[in-house]
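Novice: The structure under discussion is supplied below as structure tokens; questions concerning it will follow.
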């Protein structure tokens with residue numbers, strides 16, 4: 001997934017899959033129907049911050065969860081619902097199934113994937129790991145169940161830095177996959193000995209440092225918020241770097257009234273909800289037209305529509321299955337992450 005021509009083919013495929021816009025009346029009907037189905041089926045809707053605002057609002061209204069991938073995993077595992085509907089991309093649905101194999105996990109579409117997942121096929125990644133058996137394998141959550149099963153640790157962007165620091169303190173050297181930009185950022189912050197896989201997010205790698213500097217000149221009082229999946233030159237311009245949840249917290253706590261945000265624009269829903277008196281501006285990508293492969297919104301996240309949420313509930317379609325042999329292997333590094341972050345939470349709160 002590194003050639004522009006390949007990106008354009010992917011984008012054309014995804015554009016063809018998008019539904020027509022709904023009228024306000026149609027949207028209200030879908031939301032009511034989905035809420036009724038969730039209640040009838042003892043189901044819960046979990047949505048990522050990058051989903052369209054209407055999906056995030058629906059998850060909140062129906063007692064579900066809107067969060068980053070770490071909290072999505074934790075919420076789905078701990079919730080009493082028999083069915084979890086995951087509005088996000090496929091690896092998120094797989095993670096939910098791995099953590100709670102006894103539950104039914106549905107997704108609005110199984111075609112919503114991730115360029116990081118696609119760019120890290122298990123055969124090639126396993127061969128890379130086999131060449132360095134002395135290294136601890138740490139993989140980003142944006143990977144397939146098979147890649148997770150090959151790993152020692154799974155991390156999200158909200159906990160990756162702390163986990164790598166802990167491993168480094170233990171004298172461990174690391175294989176990191178698949179996001180090269182996040183890996184390089186962690187390497188720079190910690191000084192850890194890391195071999196990096198060559199993957200990238202099609203949204204975040206589109207942010208451009210020169211255009212970002214030009215935009216900062218237009219908004220001199222703005223703070224720049226950057227997700228660490230962005231290129232290093234973009235990260236270097238940031239006032240705050242972090243995961244989606246960390247960027248939302250930065251928007252709440254920094255005194256600035258204007259923010260230039262270098263991550264998927266789906267996050268603006270929660271930022272504007274929590275900070276109604278502040279202004280949020282999209283960081284510039286490659287530009288308009290064919291050269292812009294994402295334009296600050298993941299095309300796969302955009303495939304999570306109201307129509308597809310209702311269809312998957314009514315038809316029981318798009319159920320996530322994970323190969324049974326992979327589950328015990330993949331759940332170990334996932335539980336390590338959850339246990340680590342829970343212990344860190346307790347330590348911060350003074351309970352450990």
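Every residue, even glycine, has its Cβ placed from backbone N, Cα and C.
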Novice: Name the one residue among 65, 114 that Swiss-Prot lists for the same [4Fe-4S] cluster site as 201, 298.
Specialist: 114
Novice: For the iminosuccinate site that Swiss-Prot gives with 69, 140, 141, 142, 157, 227, 228, 229, 244, which of 48, 297 also belongs there?
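Specialist: Answer per Swiss-Prot: 48.
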Novice: Give me the non-local Cβ neighbours of residue 201 ([4Fe-4S] cluster binding site): same chain, 6+ apart in sequence, Cβ-Cβ under 8 Å, ordered along the sequence.
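Specialist: Counting only residues 6 or more apart in sequence, the Cβ neighbours of residue 201 ([4Fe-4S] cluster binding site) under 8 Å are 114, 115, 116, 142, 179, 181, 229.
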Novice: Work out how many Å separate residue 48 (iminosuccinate binding site) and residue 298 ([4Fe-4S] cluster binding site) at their Cα atoms, rounded off.
Specialist: 12
Novice: In sequence order, which same-chain residues at least six apart have a C-beta under 8 angstroms from residue 140 (iminosuccinate binding site)?
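Specialist: Result: 116, 154, 155, 156, 157, 160, 177, 178, 179, 182.
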Novice: Between the Cα atoms of residue 227 (iminosuccinate binding site) and residue 298 ([4Fe-4S] cluster binding site), what distance do you get, rounded to the nearest Å?
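Specialist: If we compare the Cα positions of residue 227 (iminosuccinate binding site) and residue 298 ([4Fe-4S] cluster binding site), the gap is 14 Å.
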